[in-house]
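Student: Below is the structure I would like to discuss, written out as structure tokens.
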């Protein structure tokens, strides 16, 4: 069996010492740091981590070392196509049905649990990302991806045949967990692309996402009106099924033996897993995100249920941080040393939190914001390596986002065109400030910890996003009530509504019932017009306070960008991982004292060695 053109791992008959590897620029990671005392203790506690580091260095190569046909090979291109398909299916399976969940609830409901549809997906997706990132670092990516594909298909079938909302919500739980794996596409595909071409490669992978972000509401409504909402899941199953089949046959990244050598078994690696940290973060995140999601709507923040979720969840998350910091583990779920990189990893997390907050504040009012974000990805990503100065690019884009967010706060119901333009331009920078940071974070972390760094960034963004979303909704709810109370009475009274009808009018407004509004004593066409205009003015003013809040949060992104270190130095040909052909016996590297040697290779490689 001929092997896929692969980037040469090593066929040197002579052994190589660890010192040689570390001194070789093309084999060593571009971001190695001197270990702290805590790290040295951990290495002494578990020699396996040191071995993994050496294997990781060997698996990483320079793009120039690959055969010219490698990046244009059948397997490589189809792998990238499958990654694009899975991210489309992930967001199509959530954004599109979420946009028409009211119609779905009318058809198979009604159910008071309909609000859980989005909540469980977000929560499960976050947990899926966290678990996938770290565990796939240790056990390999392939089976996580294939398991997610199988789970997605099962969840899609259950959703497409659901007869009530509770079953659909259960299906969304499965789809959300699988979506956590599939949402990690920038990790799975990014590690296969040389650093200096990562953004160009990710542009092609992310281009189709617009059909499930900017077009989600249109697609959902069109399917509901012309077919049936179940067609959303039929299409989801088709996309997911095609991606699953492609990955089943062509996606073969580094396997367990390549990551750890022949001396370690999967059971031995399983014993090294930080189960204590996993339990704490999963339980803590679940409780906290549920509490934040339920707070305010449908439950008041002071309710026992919300407080009973928020407080224990927050305490457990804090306990998780202390556990990871002070309880030595041979294989920690989160390496706290990453947070010592203040001008790198910490600043990226701050920018990511702010970018996510800006996105949410816009999305509350403009669900079609996806067009701006998508345009930012397509038009900015390809030129990042050309322009360079990543820090300055992030700074300029952060300023741009904040500026147009502030501009949005000035528009009213007479400025619809300006509002649309400002919303698009405010969303444009978020392509890099949000999605782009999951690529940048891969440049400055040890290759064997890529998944962990990605998972931390995603988890921090998710938690902060849930908090900011709750804050923005609370601001919008509070200000809309006060603005309606201040503007509506004067407008309708001036239009001729009797003073005695005001209480009934406000009851109708609170019920959001056009029929009840029309039944208010003394209601006329002129009064109805005045009511509509005053309500529009009230909401426009209330929305402006959401934008002001977004501007305040966006300011932290500007500050963090000012202190961010230079990432241009990492835009090299360094390629963390490669893919192999199906059934190829990938070369297994094994530690033997201080040296590494090839234990086995494919038949073709062995034949080549003999001829040499």
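Keep in mind that glycine also has a Cβ here, set from the backbone N, Cα and C atoms.
Nobody curates TrEMBL annotations by hand; they come from automatic prediction.
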Student: In TrEMBL, one of 21-39, 40-58, 325-343, 344-362 is tagged transmembrane segment. Which stretch would that be?
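Tutor: Range annotated as transmembrane segment by TrEMBL: 344-362.
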Student: If you average per-residue pLDDT over the domain 'Major facilitator superfamily (MFS) profile' (77-567), what number do you get?
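Tutor: Value for the domain 'Major facilitator superfamily (MFS) profile' (77-567), mean pLDDT as a whole number: 89.
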Student: Given pairs 6 or more apart, does the transmembrane segment (273-295) have at least three Cβ pairs under 8 Å with the transmembrane segment (114-131)?
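Tutor: Yes, these stretches are in contact.
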Student: What residues elsewhere in the chain lie close to the transmembrane segment (301-323), defined as a C-beta under 8 angstroms and at least 6 residues from its ends?
Tutor: 276-277, 280-281, 283-292, 294-295, 334, 336, 463, 474
Student: Verify whether three or more Cβ pairs under 8 angstroms connect the transmembrane segment (545-564) with the transmembrane segment (368-387), leaving out any pair fewer than 6 apart in sequence.
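Tutor: These two segments do not touch.
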Student: Answer with yes or no whether the transmembrane segment (344-362) touches the transmembrane segment (419-441) by the criterion of at least three Cβ pairs under 8 A, sequence separation 6 or more.
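Tutor: Contact confirmed: at least 3 Cβ pairs fall under 8 Å.
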Student: With contact taken as 3 or more Cβ pairs under 8 angstroms (pairs 6 or more apart in sequence), are the transmembrane segment (143-162) and the transmembrane segment (545-564) in contact?
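Tutor: Contact absent: fewer than 3 Cβ pairs fall under 8 Å.
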